[in-house]
Amino acid sequence: MSFKREGDDWSQLNVLKKRRVGDLLASYIPEDEALMLRDGRFACAICPHRPVLDTLAMLTAHRAGKKHLSSLKLFYGKKQTGKGTEQNPRQQNELKTESKTEAPLLTQTRIITQNALHRAPHYNSCCRRKHRPEAPAPSVSSPPLPTAEVQLQSAEISKEPEPRERSDAKESAALLASAPMSPTKRRVLNHYLTLRSSGWVPDGRGRWIKDENVEFDSDEEEPPDLPLD
């Protein structure tokens, strides 16, 4: 089937070209194997004499011929040889180095001499060294402090404030050991010491309250009264 153009309408020519390109692609013909001319005909780009064919069916029949197939083999053979010669310099250098490899006998001799010159065995990362138990380090004894520093430290320790309960007990003991007291005063003093030792604290208003830092066994809110004779 042929498509002949009538007139000089460029729009019709473009439509015709699109249709021919579509037909060419529909026939699975590579673009570099066929050329479409301006008059709508096809030229074979593989054959050396460039045959011009009117229709796509004629081009398909030409591509099935023996001459075209032989030309196709030559065409792709030249392409393959061209690709082989277009190697980069790095690949060429690698090929040269591979061609200049040493003889296996020389390589084996060099390896034997290197192994003979090695005195220490090769290190293997898989082997672990056995740790020997180290001797305990000698304990360094601190030098004795001078006598003056010892005296200063003992003086500072003696100056530390004593707990409140101990100071109160000492004061009460000093009061008891001092001048003789009447039985009433002694009973009041003993009651005071009993309350202080039980966790009661005077609030400064003549009352006794529980110390927050002391735990009581009972829930009494008032301290025990002064015992009678």
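We count from 1, first residue shown onward.
Glycine too: its Cβ is placed from the backbone N, Cα and C atoms.
As annotated by Swiss-Prot, phosphoserine applies to SER2 (among others), with the evidence given as similarity to another entry.
According to Swiss-Prot, the motif 'Bipartite nuclear localization signal' annotation covers 4-20.
Look at Swiss-Prot and you will find 42-74 tagged as zinc finger. A mean pLDDT of 87 is what the model gives for the zinc finger (42-74).
Per Swiss-Prot, region 'Disordered' is recorded for 80-105 (among others).
As annotated by Swiss-Prot, compositional bias 'Polar residues' applies to 82-92.
Marked as region 'Disordered' by Swiss-Prot: 128-187 (among others).
Annotation source Swiss-Prot lists compositional bias 'Basic and acidic residues' at 157-171.
Annotation comment: Swiss-Prot describes SER182 (among others) as phosphoserine, evidence class a large-scale study or a structure entry. For SER182 (phosphoserine), the count of additional Cβ atoms within 10 Å of its Cβ stands at 8 [all protein chains shown].
Feature annotation from Swiss-Prot assigns region 'Required for interaction with LUC7L2' to 187-229; the stated evidence is experimental evidence.
Residues or ranges marked as phosphoserine in Swiss-Prot: SER218 (among others).
In the zinc finger (42-74), the DSSP tally of helix, strand and coil residues is 17 helix, 5 strand, 11 coil. In the three-state DSSP classification, SER182 (phosphoserine) falls within coil.
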